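Noted in Swiss-Prot for the protein shown:
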type	residues	note
BINDING	GLY169, ASP170, ARG171, GLN172, THR173, GLY174, LYS175, THR176	ATP binding site
SITE	SER373	site 'Required for activity'
Amino acid sequence: MQLNSTEISELIKQRIAQFNVVSEAHNEGTIVSVSDGIIRVHGLADVMQGEMIALPGNRYAIALNLERDSVGAVVMGPYADLAEGMKVKCTGRILEVPVGRGLLGRVVNTLGEPVDGKGPVENDGFSAVEAIAPGVIERQSVDEPVQTGYKSVDAMIPIGRGQRELIIGDRQTGKTALAIDAIINQRDSGIKCVYVAIGQKASTVANVVRKLEEHGALANTIVVVATASESAALQYLAPYSGCAMGEYFRDRGEDALIIYDDLSKQAVAYRQISLLLRRPPGREAYPGDVFYLHSRLLERAARVNADYVEAFTKGEVKGKTGSLTALPIIETQAGDVSAFVPTNVISITDGQIFLESSLFNAGIRPAVNPGISVSRVGGAAQTKIMKKLSGGIRTALAQYRELAAFSQFASDLDDATRKQLSHGQKVTELLKQKQYAPMSVAQQSLVLFAAERGYLGDIELAKVGSFEAALLAFADREHAELLQQINQTGAYNDEIEAKLKGILDTFKATQSW
């Protein structure tokens, strides 16, 4: 057999031309220790703070401690099969979660994966869990209300779109109930809701989801869950994931409401991670940056102006402002609002609704303490009619509390003082409300008008509740158009005042309560 050198050289050239070498450089490291969900890695020289590190088995860890000779990272999910010597890689990405309308009506975990058994989640893309809050120039002042459906809150502690209002109180004082009712009340308001459950029992979350479904509010709500059985890393990141999902609506000129239930458990999870990473502990063993943990989250709740929305949507949405309203929940121990985390969150938020165990146990529910509850946005976020009618309620309750304390020591009281005490008791009774029964603006206005104009004077204290129920039923039956008008416009003028007076005069004449 004769070898032709030309043929051989051609064949070699052909093979060389077809030879395809793809060189891929990636930063690789080695696990040197695994304990309590924390891994220490050698060799990741170029890793960034907060970067996702790819682990064997399609899992990830997040780099939190960048030290001279190693990287401390927290594992997202189970870590039992990770061992010393395993190879890990940098990804060059930070954690992102799916966002979009497809998430409405779904229950997802911190990573945006469905946990409700309804199949895969449709999304409009992904968004980073950590985002920079809108700047000063991009914001607009808060002047539109978010109606919670609670008389005591909407009258005395009004919440505006884009506000951060803290709900604070001991365990079992109705904090979650208040937040869930606020979500239920947004059924027809166009406000999209996000409920973030942090460190709660799975049975409690299932109950909340069932209640939202029963009241027709789940369809416009995203539920983000990091239960008590999940890792500290997932509990720490859950609020940021929920916030990214809420920002999707804010940045497109829509209104959204987000509930963080509760941030005390998130702070505990973050404390656990920090101590395991051997960061120096501070007050109550929390790390030094626990204030920043909450401030960077809550600053993302804002009302953004039309220019911001137009720039974000590249001109698709014009002339619309967007908002993300936050209702963070904090659990106190024995009413101590001066503890570390409660004082931090109080100083970050635009007001707080303080729920008291003593009021709750006395049957005053919602157990709002009007003395130390405040909204720093105030009347700017109220409808005209609520602003006009609610002014005297807070004053009446403040005077009542003062006189009630004084009357314990005084044996004989004059008529004026007795009248004020009686009025205060009736207003307190009137502000009671059952769970899952939010009220419209018109219904609240009618009830407040009755209290403000002295229509409760001759009603027995025990009959105030039945008087209110009968009055609302009468108004719904006989004056539905007026109630509809008030709900749509929120206006208050002499004509509406005369009509409200007419309703109450006619109703009181019937004596049907």
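Every residue gets a Cβ built from N, Cα and C, even glycine.
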Next item on the list: Write out, in the order they occur in the sequence, the residues of the chain not among GLY169, ASP170, ARG171, GLN172, THR173, GLY174, LYS175, THR176 that have a C-beta within 8 Å of the mean position of the C-beta atoms of the recorded ATP site.
Entry: GLU331, LEU355, SER357, PHE360, ALA367
Next item on the list: Select the most exposed residue of GLN172, THR173, THR176, SER373, where exposure means the fewest other Cβ atoms within 10 Å, treating these as the recorded positions.
Entry: GLN172
Next item on the list: Quick one: of the binding-site residues GLY169, ASP170, ARG171, GLY174, THR176, which has its CA closest to the CA of SER373 (site 'Required for activity')?
Entry: GLY169
Check: Quick one: what's DSSP say for GLY169 (ATP binding site), helix, strand or coil?
Finding: strand
Checklist line | Residue with minimal Cβ packing [other Cβ atoms within 10 Å] among the binding-site residues GLY169, GLY174 | finding: GLY174
